[in-house]
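Novice: Encoded as structure tokens, here's the structure I'll be asking about.
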Amino acid sequence: MPAYRSRTTTHGRNMAGARALWRATGMKDGDFGKPIIAIANSFTQFVPGHVHLKDMGSLVASAIEEVGGIAKEFNTIAVDDGIAMGHGGMLYSLPSRELIADSVEYMVNAHCADAIVCISNCDKITPGMLMASMRLNIPVVFVSGGPMEAGKINGPGVTRKLDLIDSMVAAANPDVSDSESEQIERSACPTCGSCSGMFTANSMNCLTEALGLSLPGNGSLLATHNDRRELFLSAGRRIVELARRWYEQDDASVLPRSIATRAAFENAMTLDIAMGGSTNTVLHLLAAAREGEVDFHMHDIDRLSRRVPNLCKVAPAKNDVHMEDVHRAGGIPAILGELDRAGLIHKDVPTVYAPTLGDALKKWDILNGDEEAAHLFKAAPGNVRTVHAFSQSSRYHELDQDREGGVLRDKAHAFSQDGGLAVLYGNLAEDGAIVKTAGVEASILTFTGTARVFESQDDAVAAILGNRIVAGDVVVIRYEGPKGGPGMQEMLYPTSYLKSKGLGKVCALITDGRFSGGSSGLSIGHMSPEAAEGGLIGLVEDGDRIEIDIPNRTLHLAVSDSDIADRRERMNARGASAWKPNRERVVSKALQAYAAMTTSAAHGAVRDLSQIIVKTRI
């Protein structure tokens with residue numbers, strides 16, 4: 001029987017000092033035998049997805065202590081990718097994931113906590129906490145802050161839905177007046193919560209449901225809705241039960257590595273492909289799998305992408321559909337239910353709240369008629385500007401159960417039988433590249449264009465806004481990978497500006513950087529190996545022909561092998577300046593340290609620990 005970890009600091013005469021300090025936090029004599037549950041919160045006033053989380057830790061703590069646990073809360077950092085976008089701040093976004101993972105590990109292990117509730121929401125916070133949970137392998141429940149309500153703007157006879165991306169596209173469109181642009185800006189993000197489309201934050205919060213580590217509704221129930229209160233309370237009660245099952249009953253099935261197995265990771269990726277989630281999820285799932293020693297790799301994603309249909313299109317792939325609409329259609333259990341009926345998921349995997357995913361779907365898939373499930377998924381937007389959680393209790397009169405023409409389709413009526421994400425290979429991406437096919441027009445699934453090469457996102461943006469990019473061009477942005485950036489910046493501004501210039505359907509953009517979950521169009525990222533590691537993208541020249549064939553999963557530079565060999569020889573002859581960008585960029589010591597340790601996007605951009613010699617015994 002495993003001993004409670006916390007007893008290292010709460011039992012024994014030699015721990016008198018530790019107990020004295022615990023008492024100073026409010027613990028009493030009767031508390032020292034109870035499980036100590038860490039609450040990893042991520043409240044910050046910088047991020048709308050986290051601005052309402054200040055009191056969520058106390059709410060979870062009340063539920064933990066009500067059922068006999070001791071709750072101890074701490075906070076992690078949280079970077080807002082939208083605010084950090086388009087300038088040097090974006091260099092810090094992906095590296096912050098590793099800091100978050102480390103900070104959770106440090107706090108939990110330093111204080112010998114028995115289990116964790118992870119209160120996350122936005123882009124790198126959920127992945128960082130997921131990585132830490134897979135490392136620690138103690139009971140965990142995830143509960144997110146929830147998605148933002150979609151923005152709304154009234155037009156002639158119609159109300160149009162908006163999100164963050166609309167404000168960016170409008171601002172760069174010279175045909176949009178200043179007053180109209182300002183109106184869109186003021187309307188795009190009306191409430192607290194993670195941005196309202198199927199962007200990275202919401203994609204990851206949905207995937208925790210598929211991994212079995214969060215409760216139904218975690219990814220889709222709005223941040224503003226009063227029903228979300230019960231989600232936090234349930235997480236608090238559930239974690240104490242899981243802790244007792246592990247430490248008192250030796251039930252290892254409740255541990256993250258028993259729940260988030262290879263089969264569960266396949267389920268999560270299958271969900272991601274079906275709902276056209278953010279390409280960043282590929283990066284984060286690979287990283288989490290690696291932390292948990294799960295045998296799940298890029299070739300598995302490629303295999304799944306070839307057989308999973310695109311069942312759901314959400315902004316940015318479909319501008320009038322947002323997370324509130326996905327919720328009305330039954331949320332993640334409904335999507336998983338359709339995938340189950342298509343024979344595409346493993347339903348015998350455990351979850352934190354049901355013996356198996358199959359058992360969970362019997363109750364929570366709205367097509368099965370459960371009243372509690374119907375009540376949960378009727379939670380609707382309040383349409384009132386607010387930064388407060390639980391501020392409204394609006395409900396839809398009826399659910400969206402139309403699986404032929406609704407927000408969520410069954411396999412027979414899928415948006416496409418080819419999924420929403422694809423892995424491309426070829427001489428430009430020997431280790432793979434990622435494209436969100438759900439956001440690509442059918443007319444450009446195959447595309448041949450002329451390379452326009454840039455060694456920074458800033459230069460590419462200047463060319464697009466300066467009308468130097470034309471139909472048929474392939475914008476190549478290199479030296480923006482994990483090492484080359486460093487930090488693998490998101491390319492939301494270039495893709496948004498291509499849209500605003502009317503080039504979104506007649507140009508492509510390829511990069512060793514990555515894309516925001518808000519990006520759409522023929523945008524191919526995560527090219528591996530990256531330029532800074534000798535990838536062929538570093539040898540592309542202006543005027544080269546680039547061939548993209550998504551149906552056949554290829555990405556090819558149409559230059560002869562002999563010419564490529566000559567270019568590589570000339571590059572290597574540069575000595576210390578070889579495989580380095582021709583640009584001015586100040587890179588801090590912290591980012592230099594990240595660059596020195598990181599791996600390629602094909603491995604999740606995690607740290608290469610083989611560089612470190614670890615002494616297991618001293």
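Backbone N, Cα and C define each Cβ position, glycine as well.
Copying in the features that Swiss-Prot gives for the protein in this structure:
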- Ser516: active site, proton acceptor (ACT_SITE)
- Asp81, Asp123, Lys124, Glu490: Mg(2+) binding site (BINDING)
- Cys122, Cys195: [2Fe-2S] cluster binding site (BINDING)
- Lys124: N6-carboxylysine (MOD_RES)
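What's the neighbourhood like for each of these?
Specialist: Under DSSP, Ser516 (active site, proton acceptor) is assigned to coil, being neither helix nor strand in the three-state scheme. Close to Ser516 (active site, proton acceptor) in the fold, though at least 6 residues off in sequence, lie Asp81, Gly82, Met85, Phe199, Thr200, Ser278, Asn280, Glu490, Met491, Leu492, Thr495, each with a CB less than 8 Å from its CB.
Counting every protein chain shown, the number of other Cβ atoms lying within 10 Å of the Cβ of Lys124 (Mg(2+) binding site) is 30.
Of all Cβ atoms in the protein chains displayed, 31 besides its own lie within 10 Å of the Cβ of Cys195 ([2Fe-2S] cluster binding site).
Secondary structure from DSSP puts Lys124 (Mg(2+) binding site) in coil.
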Novice: Give the three-state DSSP assignment (helix, strand or coil) for Glu490 (Mg(2+) binding site).
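Specialist: For Glu490 (Mg(2+) binding site) - judged by DSSP and reduced to three states - the answer is strand.
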Novice: With every protein chain in view, what's the tally of Cβ atoms within 10 Å of the Cβ of Glu490 (Mg(2+) binding site), excluding that atom itself?
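Specialist: Other Cβ atoms within 10 Å of Glu490 (Mg(2+) binding site): 32.
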Novice: For the binding-site residues Asp81, Asp123, which one has the sparsest Cβ surroundings, going by other Cβ atoms within 10 Å?
Specialist: Asp81
Novice: Taking the recorded Mg(2+) site as Asp81, Asp123, Lys124, Glu490, identify the other residues of that chain whose CB atom sits within 8 Å of the mean position of the site's CB atoms, giving them in sequence order.
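Specialist: Counting only non-site residues, the set is Val79, Ala84, Met90, Ser93, Leu94, Cys122, Thr200, Ala201, Asn280, Ser516.
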Novice: Using C-alpha atoms only, work out the spacing between Asp123 (Mg(2+) binding site) and Cys195 ([2Fe-2S] cluster binding site) and round it to an integer in Å.
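Specialist: Distance (Cα to Cα, whole Å): 10 Å.
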Novice: Across all chains shown, how many C-beta atoms besides its own are within 10 angstroms of the C-beta of Cys122 ([2Fe-2S] cluster binding site)?
Specialist: 28
